[in-house]
Amino acid sequence: GEVCNMINKKYSEFLPSMQSAEELVAQVDGLSSNIDLLRASIENEVQQDLNVAVAEFAELKQQLERDTLVLSVLKKLQEFDRAIKEHKAALLEKKYVAAAQQLEKARSSLRNLESRKGFELKILRALGTELTVQTQNVLCHLGEEWQKRIVWQLPPSKGAHKSSLEAVVHSELHLHTMPSKEEEVAGPPVASVLQALAVLGELHTRLKAFGQLLLKYILKPVISYPSLQPLTEERPDVLILRFTSHEPVLDQSSPMEVFDKIRLIFEVLHKYLLNVPLEQPGEDRKDGRVTLAELLGELIWEELSDCLVQNCLVNSIPTNSSKLEQYTEVIKSTEEFEKALKNMQFLKGDTTDLLKYARNVNSHFASKKCQDVIAAARNLMTSEIHNTVKITPDSCVTLPQLPDPGSGDHSKTQKPPSLVHNGTVNLEGETRLSRYTFSLPTCRISSSVEQLMELVYQTLLEATVSTDQCCVQLFYSVRRIFQLFYEVVPTYHKESLQKFPQLAAIHHNNCMYLAHHLLTLGHQFRYRTTNILSNGAASFVDLVPAFRRLGMECFKAQMRVQKGEILERLSSARNFSNMDDEENFHAANKAIRQVLHQLKRLGQVWQDVLPVNVYCKAMGTLLNTALAEIVTRIVALEDISAEDADRLYSLCRIMVEERPQVFTPLPEEENNKKYQEEVPVYVEKWMTFKELMIILQANLQEIVDQWADGKGPLAAEFSAAEVKSLIRALFQNTERRAAALAKIK
């Protein structure tokens, strides 16, 4: 019964909540069907209305845009039209600036119209044409105004050469730019013409043409012709600028004179024309204002300053260091010239190339000096070798005394020596060398080479009193001179040196002379340049071996040629065999005479040219070549008859007798004796030749005595085999001959 009660109690509690849940379900169902109805009605009716509204809005917006575009196009067309009308009105009144500005307005309206995409009006082409016509029209007016005010009177071009002095003297520039009293009312002032051209962008072209005429007929001639004096004539309505020509004192004007003349010209131009302020639209000027002078300066200054440098400053660079001090005057006047042009606003900004060039005078001086030195050296190297001077151990290179280097640290420089000796060189230190240790033997050298050395010493002297930079440049120019000699002379004179023995000898001496000076060159000078050229860097010793080699090789080549000719001549002597045959004897005799003739001729052309010791060695070597060849040929003979032997002996005697005429190193005959007696010293085969002559005349016993068991004079010159061969050729086969042969061993 209790369980039942519990169930009933639970049930009675559950029932009401169950009912409320059912009511809730019913409500939800009702709400859901309402939502469905609403969705259907939105989809069917409201959506359509909305779509229609959006479409209408887009259409209205498009129409508005189209109308705005049309309106702005019409506005621009109206602006264009108004600008053209106002332009024409202003032009009638000669208000050129206003006219030009209206044209520019019309141009900007037209540009605006043309820039619109998808809106190409046929009318635009017509408007463009109209604008062009109006622009050309106003430019034509302005051109006439320009030509009225700036008048060039130039000579007819076919008469004189355009830029000749005569043409320039007949050229005038007339400026009608000062308004007269009535004109101030009647016509536009020059400023408005220029401003209108500036507005239309035409001023640059006009000014450029004016600048070119100014350069050609006024500015450049003033720089090039020292005789021209600018003249200005001021009348009430016109200024005339022209030239008169006076006979100049000098070929070149000083920079100071040129600057003064150009400054005068610019002052006149500034007063009458260039001092016009202009509005320059758009060009990165601070306030858009600029003077005509500034515009002209931008167009012509570069060309003008180049011309001033090339035709005026370059020529004014001094050629020796003493005049460098005075150059400050040129630098100062260049500074003043630039300052004046800046005041006239023709120049803006700082130091121009013109002033930089003038201030850099030391470097230009050095370059110019070096160019001159190298040119002079090259000239000397390509001049004739055969004009010679005699040098002796006492010869000196004469040098000019350089002017005192002036004040400042210059005063510390030691006075350079005025004579540079071929002999003495004072070596510091206690021990003194003999004055002939470094001396050159007496010989002849080309006068051009002596002058070359003078040039070298002068240049090095100049270096000692120059600025550091110049000193180094000059020092290296001198090294360049020697390198040039090494490269130029052997090539330039190649054929002469091969063909003429005398020139080869002179060239040999030239090289030895230069090598000799290179040994001590540089030590005579104390350079101010402490760091760069001291510490032994400033010497030329490294070039010595090359120059000695150059001289030797040339002379050796000539010796080879001469040796070849000697052997060639002796080859026609038919081996000195069968001298009892007249024809053979005649051929051998002729060959010997020719060789002697060749040697005597060489002895003459080298006489007084080569140093004596070189002469004797050279002649000795060549004579030796001839004697050695004769000995070799005779020793090789297999059969010598008594008559052959006599004739061979007589041929050999010619060589011995004529020998003194080969050794004539000096022009004074009596001074040559000493060298003629010393021939055996220079001719290696001399004693061999004399022994051969003895054999040709000796009997068997005499030959054996000369041999003296291998201890006699004959043994000193010939081998046993050679002596035996000669005995077999000279004597018939007898017991006495066999006995003699047995003793030769």
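Using N, Cα and C of the backbone, Cβ positions are placed for all residues, glycine too.
Quick look at what TrEMBL lists:
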DOMAIN    2-84  domain 'Centromere/kinetochore protein zw10 N-terminal'
COILED    89-116  coiled coil
DOMAIN    142-381  domain 'Centromere/kinetochore protein zw10 middle'
DOMAIN    438-568  domain 'Centromere/kinetochore protein zw10 C-terminal'
DOMAIN    590-744  domain 'ZW10 C-terminal helical'
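Annotation: stretch 438-568 has the most Cβ pairs under 8 Å to the domain 'Centromere/kinetochore protein zw10 middle' (142-381), among 2-84, 438-568, 590-744.
Confidence in the domain 'Centromere/kinetochore protein zw10 middle' (142-381), given as mean pLDDT, stands at 79.
Across the domain 'Centromere/kinetochore protein zw10 C-terminal' (438-568), DSSP classifies residues as 97 helix, 4 strand, 30 coil. Residues of the domain 'Centromere/kinetochore protein zw10 N-terminal' (2-84) grouped by DSSP class, helix first, strand second and coil last, total 83 helix, 0 strand, 0 coil.
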